[in-house]
Structures are given as structure tokens and as C-alpha cells.
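**Q** Copied straight from Swiss-Prot:
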{"type": "BINDING", "residues": "72-79, 139-143, 193-196", "note": "GTP binding site"}
{"type": "DOMAIN", "residues": "63-340", "note": "domain 'tr-type G'"}
Amino acid sequence: MARFPTSPAPNLLLRLFSSNKRASSPTAALLTGDFHLIRHFSAGTAARAVKDEKEPWWKESMDKLRNIGISAHIDSGKTTLTERVLFYTGRIHEIHEVRGRDGVGAKMDSMDLEREKGITIQSAATYCTWKDYKVNIIDTPGHVDFTIEVERALRVLDGAILVLCSVGGVQSQSITVDRQMRRYEVPRVAFINKLDRMGADPWKVLNQARAKLRHHSAAVQVPIGLEENFQGLIDLIHVKAYFFHGSSGENVVAGDIPADMEGLVGDKRRELIETVSEVDDVLAEKFLNDEPVSAAELEEAIRRATIAQKFVPVFMGSAFKNKGVQPLLDGVVSFLPSPNEVNNYALDQNNNEERVTLTGSPDGPLVALAFKLEEGRFGQLTYLRVYEGVIKKGDFIINVNTGKRIKVPRLVRMHSNDMEDIQEAHAGQIVAVFGIECASGDTFTDGSVKYTMTSMNVPEPVMSLAVQPVSKDSGGQFSKALNRFQKEDPTFRVGLDPESGQTIISGMGELHLDIYVERMRREYKVDATVGKPRVNFRETITQRAEFDYLHKKQSGGAGQYGRVTGYVEPLPPGSKEKFEFENMIVGQAIPSGFIPAIEKGFKEAANSGSLIGHPVENLRIVLTDGASHAVDSSELAFKMAAIYAFRLCYTAARPVILEPVMLVELKVPTEFQGTVAGDINKRKGIIVGNDQEGDDSVITANVPLNNMFGYSTSLRSMTQGKGEFTMEYKEHSAVSNEVQAQLVNAYSASKATE
């Protein structure tokens, strides 16, 4: 009996087939060829080349390290999966479920709100050991409103597990997190979860991953039974069945493949070899020559293709039923890269941001990235990924972004909301530091180099709320809470409405903002009144317009004089920058000292367009000429000239209003499809996809966010409570002429009543 221990233990040896003994069946012979293999099942050592004895000591240490994330669509079971991983690796000694059914809640959901709602809000970090491998795990949120947590996790990880639901399949947030993995070039394995659920269909989900995610993927396992008959898994690489015994599935028993499944196993292993050979030359040669492929050769090929991001191996199981988690852990260490197998780059600020390859050596200069901030019990907690060098408790380090020199007072390794003090951390490790003032995305070095890591992609907020404390005595705590939330979360913004004087909070959706209002009440004892959610419209221009404005004030005392000439034009579609300013003045028509004031004036004017008072974006301003006065010109005069010049030419540039458009995915019983589709059309949505999944219709549509308020209630009413939907931000696009006229009239009316 093969047994997976719940704590680090010597590698398990399994003798699978022998060259001097025939395979147990014709199918097994076809699948495996004749070979003799003793496998270290947990470590995947068959995939390792013989190491050079002269390799530095730290490379061997890093070979045994994995930095992985677990990402998925909401409610796909990723926190449940992480709970099992922690149990089987000996990190926790009993399993607790999501939603705190047992009064405790999952270990990685450390916030009370997370345990009550059964969702992950923040990304929790933990460290565990699987056999002789050290694994850092980030458990990330699945709800689209918390997508920045996923971005921050993937930025610093070397590999990831994409969890897919065997019933729900590839859903909208599955597509989003997969796109984020591509952006940060993160190799991944997929885990099709919930095979015990009614309607489980892993092969449908695999085909969806190939079609919707464009995954070049194949299953490395076949389930033995589905739904209530799900019993175990067949490993297609080693052609062996595994069953999960014990009260928590901790005993993994190797057995024979059921006779009625040999045909399916043969087909699926052949499909696996063929799929991998399409992206791996070594395996392709054996496949084309019709040579038998051993388990070791197949495992090596899968590892090469996965690390090169050419292949996604697909594992299966049911985390809730404690089946399939240990083989998935073996897949993590076998197929996902160690830190020294990933190319990481920094930008040298002393050399025009030239790309510098980071070796990962602890002997090199310290380079570390702050990827998450959190207010802990003992002050601000900063999560760091060390890319090169060593960071030690008591060291002085430099924040390259601010130039500040900071001492490291305390260094810890995180385990959800618990921590362990450590003395030092080497390249490749993820740790947390207390008492460092910085922003998310800042780079730290030891001062010998001036490197920065590329910044993380931070999406713009799409929704705002007016919020104010019920009691005036709560003002101090109210401000303290908002300041903390802003530092922790780059997508949470706080501003002041200049007209009403109200505090405005902005974020990625209703749930995102509701969570922060609730956290304010719980953590800071501040009750707040909340206004109606408002969409974050924007404005832009559609054509070039000239400006020539003279700001002149010379009626006694110090005068003001400044003239600016040039033009405004829209930026090309897809531009990264939202605002560009270019000074093309030849000569000294305007002294160079006044140019920054002119740019500041245009930026200030663009903060509030004249249509509905929202920010103007995708705008390029070119200054071509101007005039100054020897006595009366000043920074203020030129700033005012720029503000008035922008306002005067804005109408001539044919401005339009942009609104956030959401990608909405609905899953409804087929009998309600017509009603739901008709309602989407009434909301000015455009249906872009309509698929059938069993008795359900899956509708994909682009719908203006402004028309989606209260949609949950409407959908429940239309589908007798059987419909569900998700939505995520897609883009800002121009509103229709009719809607623009309505918005402009409403804005003008509100201004008139002030």
C-alpha cells in the first residue's frame, strides 16, 4: 500500500513495471513499453537531469523551492483545496471548511468577513513543505471585484494552479485570471475540482479550456467514476490507479486499473503523448518514430513544455471529498518551475532603464519587490519577494522609488494571519517585513544598485459612492480607516467632491466598496451613511482643435500675463498613457521655467470636462508658441492661461462621454433564455455569445455598467431564482448621442440648482 504522510517524510518508492516481466495487460504494454522504473512519486526526480557537482550551493536549495498561487473563478473550491494542501503537508492538523460551518473557518480565510461570506477577499500567504520541497502558496480571491489581489500575487509567483469547477466549467473570472497569468508569463497546471458534484463533466471542462482559454492542454489523470460514484484517479503517466482512504483521505493506496477502463486509459494516454509531442521536439521524435514512451520521458517532456508555457497539464479531483490533492502536489513540484528556472528582469535606473537579468544568486546585490501592504497587529506589514541577494533582520535597505534608507526591524514568514520570525531570507523567498513605509510596487535594494522591477498593472475604478460618518466624533477614525485602505489596495481610491464637499470612495464594484464600508464599521467602529452607487464616466475628444489664449490682468499692483498657443488631439487607440503633454516651442517665446506650470494647468483643466464634469482622458496637448512679459509673467499666469485655453478649445474638439462597459456572463435555465436575452437588449447590452450547457443557456454580453444596478434582483425574478451571473470590467466606450444628451442635461440641471 502506498501511503502519503501528512508531514515531510522520505520519498516513496514505487516499482511500476519491469523490463524482464510483461505488463499486466495488452493495454498496459502498449502504453508503457518495456522499461524498469523506480519512481520518487512526490519529487518528480525522473524529470531532473544529473546536476553538475560544481553548481553553487544555493542553486540546489532553490531547486527545492516553489512559489505558487492558487487562482480561480469564485466558488470553484480553491480555498478548500488550499486547506487540504496545508493538512497533507502537516502545516495544520485538522481540516476546517469555508463559511465557518464548524465555527472556525478555513485557515487561509483569516478575516471574519471572509469566513461569514465564504469568499476570499485578501490574498493570504503561507509556507509549507511537501516531502523535501519548500512551497510558498498564495491563496487569491475569485471575485472579480478583488482582481488586484490576483494581479499582485501573480506578479511575484513562479507558477500557479488554475482551479476549474467540473460543473461550472470555464467561467468569466477563469478567463480573467488566465489572462493575468499570461500577462505575467506564469506557467500553470489546471485542477478540475468538484468531481463528486452532480453534473460533473471533466472532459467538457477540458474542451472549454482549450477553446475559451486557448490552452494547449491534456489530462494527466482519468477519474474512476463521477458524481457520487467518484472513487479515485488513474495516473496516465505511470498508468496506475490511486484511491484515497482514511477519514481525511490521507492514505493514498495504489491499485490496479479497473478492467472496464483500460480502453479509455489507453486512448487518453495516447492523446496526452500526442498533445505534448506537438510542443516538445524530444518527445515528438519518439512519437513520430512510433517508439514506446516511458513514464520518465513523458514526465520530463511535460515539465519542459509546462515551464516553457507551451502546455498546461490537467489534474482532477475533489478537494472537499479529500481526493486528488496529493497527486496535484506532486504535479506542482514535478512540473512547475523553481525560482532559478524563471527569467526575472529589473530596470537599471542608472542606465536609461536598461533591462538587467537577475541571476537569483544570494551572493548578488539585494533586489526585492513590495507587492502587498497590510495593517497588522504590530503595524504595517509589507510583503516582499526577494529576487536576488539576501535580506537580514537589522539590515539597512534602500527604497529605490523614494530614495529612503530604511532599517529592517523584524522579518517574518507568514502563515495566513499567523507569523514566524526569521533572521534572513534568500533570493526566491516570499517574506514580510514590519515597520517599512512604502507603496505597493516599490523596489528595495542594498544600495549598491539602482534597479526597479516593472510596475504591476492596476485597473482603474469603475464605481463610486459618497460616504460620511454618522457621528462627527468619528472623523479621526474615519480618515484613519480610509488612509489605511488606500495604502493596502491601489484600486480603492478616496477623493472629495469639490461641489458637495462629500467624501467619495471608488473601487471595482459594489461588493468591493461594501466590504470596505463594513470593514470600517468592524475594525474602526465607524458607522457610515452611504450614497447611491455612481458610475465613473469619463470624457474624451474625437478630433484636433487649436488654441491661442492670452491671460492678461494688469489693473494695478502685480500683473498677470501669459499667452499659450498650440493644439489638442486624441491619442491613438490603445495608448498606455491617458494624458500627454509636448512642448514644441522653438526659442524662448515662453521661458522654460514656466513650462511645468502650463502642463500643470492643462492637467488640472482635464480633471473636469465641461460635458458632465468627469475626467478627460486619451488626450495629447502640444504647445507650439506663446508670449511672456518681462515683469507680469508668472507661473500662476501661465497656469491660468492653460486652464482657460483648454476650456475654450474643448467644444471644438468634439468631446464625447465614455461609460464603463461590463462583460456579463449569465447561466440560466433554457426556458428563461428568451426573457433574459430580451432584458439584456433593453439594458442596451450586446450579446456576444450563447452556448448550451446541459439544461442551461450560457449568455455572454457587453452591457453598460450604468444599466446593471439592481440586476441581481431582476434576474432572480425572471428565472424564479435559478439564474446566476458574473460581470467584470471590459472597457470604457462612447455612449450613444441620446444617452450623452440625457447625461449633459442632467449635469446642467444639477449645476443650475446649486
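Cβ atoms here come from the backbone N, Cα and C positions, even for glycine.
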**Q** Just name the most isolated of the binding-site residues A72, L195, going by other Cβ atoms within 10 Å of its Cβ.
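**A** Each of the binding-site residues A72, L195 was scored; lowest Cβ tally within 10 Å is L195.
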**Q** According to DSSP, does L195 (GTP binding site) fall in a helix, a strand, or coil?
**A** coil
**Q** Could you tell me which three-state DSSP class A72 (GTP binding site) falls into?
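**A** Looking at the DSSP assignment, A72 (GTP binding site) belongs to a strand.
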**Q** Radius 10 Å, atoms counted are CB only; among the binding-site residues D75, K78, which position scores highest?
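**A** Going through D75, K78 one by one, the largest Cβ count within 10 Å is at K78.
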